[in-house]
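Trainee: One structure coming up, written as C-alpha cells, with questions to follow.
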Amino acid sequence: MAARKGRKRTCETGEPMEAESCDPGSESPPQVYLPGKGPPLAEGEELVMDEEAYVLYHRAQTGAPCLSFDIVRDDLGDNRTELPLTLFLCAGTQAESAQSNRLMMLRMHNLHGTRPPPSEGSDDEEEEDEEDEEDRKPQLDLAMVPHYGGINRVRVSWLGEEPVAGVWSEKGQVEVFALRRLLQVVDDPQALAIFLRDEQARVKPIFSFAGHMGEGFALDWSPRVPGRLVTGDCQKNIHLWTPTDGGSWHVDQRPFVGHTRSVEDLQWSPTEDTVFASCSADASIRIWDIRAAPGKACMLTTATAHDGDVNVINWSHREPFLLSGGDDGALKVWDLRQFKSGSPVATFKQHMAPVTSVEWHPQDGGVFAASGADNQITQWDLAVERDPEAGEAEADPGLAALPQQLLFVHQGETDLKELHWHPQCPGVLISTALSGFTVFRTISV
C-alpha cells in the first residue's frame, strides 16, 4: 500500500496506498492512493508504504537486472509459514554487454516478517530491537556461471532427482543447464568460494538447440512428462523437445504452425500429457495436441483473445481455467470447457499498461496475481463479492470503482517483468524488475 505525504494516500505497496504531506503543519489524515483512479500527487506529497499491509517484505539486487527467474523447489518442507524463510531462485541477467551475463542460483535466507508498530513508551522494546536488528538482517548468497548473451526466460524442472534449467538466450538458442552443483555450493560458503574460483568458468549447458530462426521468450516444461519441453520464438514457430536415453533431447525440426506473429508464452496442460496452450502477438490463444502432426496439431483457437498482443498465459492446476494478460492491460479468465465460444468468463481492467506476467495461486484455485508495465502487482480472488452492507462506497467513492475481486495493489517497483508464487510457502510472491527482486506476502492472501 502507499501513502502520499501531505495528506496520506498510500502507494509503495499494498491495495491502495497512502499519501502524506511534507508540510509539518499539515494535520490532514492519510488518504488511500488508487493508481489511475484519483488525482495525481500534489507538490509536497509523496507515496509511503503501509507496512501493516505486509506480513513479509524484502528486496534484493543482483547487479544486472533479471528479465526472468524461476523458483527451485527445495527439501525444506511444503506449506511452511514459519519465519524466517529460506528460498532458492534460478535467474538470468540482461546485462549491457553480452559477455557480462550470468545464470545465477540465489539462496535468500533469514527472511523475517515485518515488525508490528512499536507501542507507546516501550523503551525496553526499543533496546531489544536494536540488539536483534543484526540477527534479523536478510541474507543473499549467489552462485553464478557465465552466459554469453542476455537471458530472456528461465524455467526450472526436475528430471528425477536432477534439477535443470531451460534458458532462452537473446542470441537465438535454447539451452539446458544442470543445476545440481549450483544448488550444492550456494548452501555452503566454503564450497561456494572454491566453485567461484575453480569451476564456474567451465560450466557449459548439457544441451543446446539453435534451430529456431531467431530469439524467443516462450518456454515451458511439462509438469506431467519429465523432460518434455516446448519452446516458441519471435518468428511464430513452436518446437517440441522429447527427452532421450542418456540425458539428451530430440527436438522436432517441424514447427507447430498456426500463429502469424511472435509466440509470446507457452503452457502445458496440468491434466493432459499431450496438450499445451500458446499465445501470440497476433492476438490469439491456441490449444494444441502433440499427438497430431505439427501442421495439424492446433485443436482450438480464439483469434481475438485481446485487443493486441497476448503477452502471457497461465493454466490453473486446480480449475479448468486459463488466465491471460495482454498489451491492452486486460486480464482474462477462460473456461476451457467453453473455449470454443471465444468469450472469456471474466475480464478485469485495473492495469493501465501491458500485462507482463500472470500466475494462479498454487493452493487456492480462485486466486491469481498479475504484474504490469504500469509498475503494479495486483492480487485477485474470483470468489470475492462486495458486501452491500459494508458502506465502503459511501466512505470512499474511489473504492467503488475498483473491481470487487481486486484484493491488493502492490507498487514501488520499476519496470516489472515477472512474478511467481512460491509453491511451498503459501501466499509468498516473488517478482523481478529493473529495480531488483522483491519477496513479499500481503495481509490479503
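All positions are counted from 1 along the displayed chain.
Even glycines carry a Cβ here, placed using N, Cα and C.
Caution: TrEMBL annotation is automatic and unverified by curators.
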Trainee: Which one of 1-39, 313-351 shows up in TrEMBL as region 'Disordered'?
Mentor: 1-39
Trainee: Count the residues of the domain 'Histone-binding protein RBBP4-like N-terminal' (45-112) that DSSP assigns to helix (H, G, I), to strand (E, B) and to coil, and report the three numbers in that order.
Mentor: 6 helix, 37 strand, 25 coil
Trainee: By Cβ distance under 8 Å, which residues at least 6 away from the ends of the repeat 'WD' (348-382) in the same chain are close to it?
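Mentor: The answer is 35-36, 79, 309, 311-319, 321, 323-333, 402-403, 405-421, 423, 426, 429, 431, 433, 442, 444-445.
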